[in-house]
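Contents: one structure, followed by commentary.
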Amino acid sequence: MATLFTKIINKEIPANIVYEDDDVIAFKDIAPVAPIHVLVVPKKEIPTINDITDEDALLIGKVYRVIGKLAKEFGIDKDGYRVVSNCNEHGGQTVFHIHFHLIGGEKLGTMV
Ligand code: 5GP
């Protein structure tokens, strides 16, 4: 089912877009938890990590390639950053269109 990220992809609602190509879009999170907080989103509507198929392998690889490029662009590649993807209720997922939080710009607390 289409989520608000589809509306952002289709430019039906505004977002601070920092990267876009045919397959992937990235925009600033509306409620950042760190100085840099970008959501990197494959345009294909995949609800959760559980729904990723073999045919999505290249797409997910591309997402990580974009994350690396953005980290460099934002100047956080050397100091480091965190990538988070929440899945379903216990993981804290609220938008059911897979996305990867790129978080950095400060020393982050240990999570795992
Ligand atoms: P999740 O909780 O599913 O892992 O992450 C969803 C993220 O989407 C949250 O960090 C939330 O702040 C962000 N978000 C929710 N609504 C909007 C919106 O309308 N615009 C943007 N840019 N981010 C949003």
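In case you wondered, yes, glycine gets a Cβ from its N, Cα and C as well.
Marked as domain 'HIT' by TrEMBL: 4-112. On the 0 to 100 pLDDT scale, the domain 'HIT' (4-112) averages 98 in the predicted structure.
Tertiary neighbourhood of the motif 'Histidine triad motif' (97-101): same-chain residues 2-3, 5-6, 29, 37-42, 45-49, 51-52, 63-64, 67, 82-86, selected by CB-CB distance under 8 Å and a gap of 6+ residues from either end. The motif 'Histidine triad motif' annotation in TrEMBL covers 97-101.
Classification of His99 (active site, tele-AMP-histidine intermediate) by DSSP places it in coil, neither helical nor stranded. The active site, tele-AMP-histidine intermediate annotation in TrEMBL covers His99.
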Worksheet item: So how many other Cβ atoms are close to His99 (active site, tele-AMP-histidine intermediate), meaning within 10 Å of its Cβ?
Response: 24
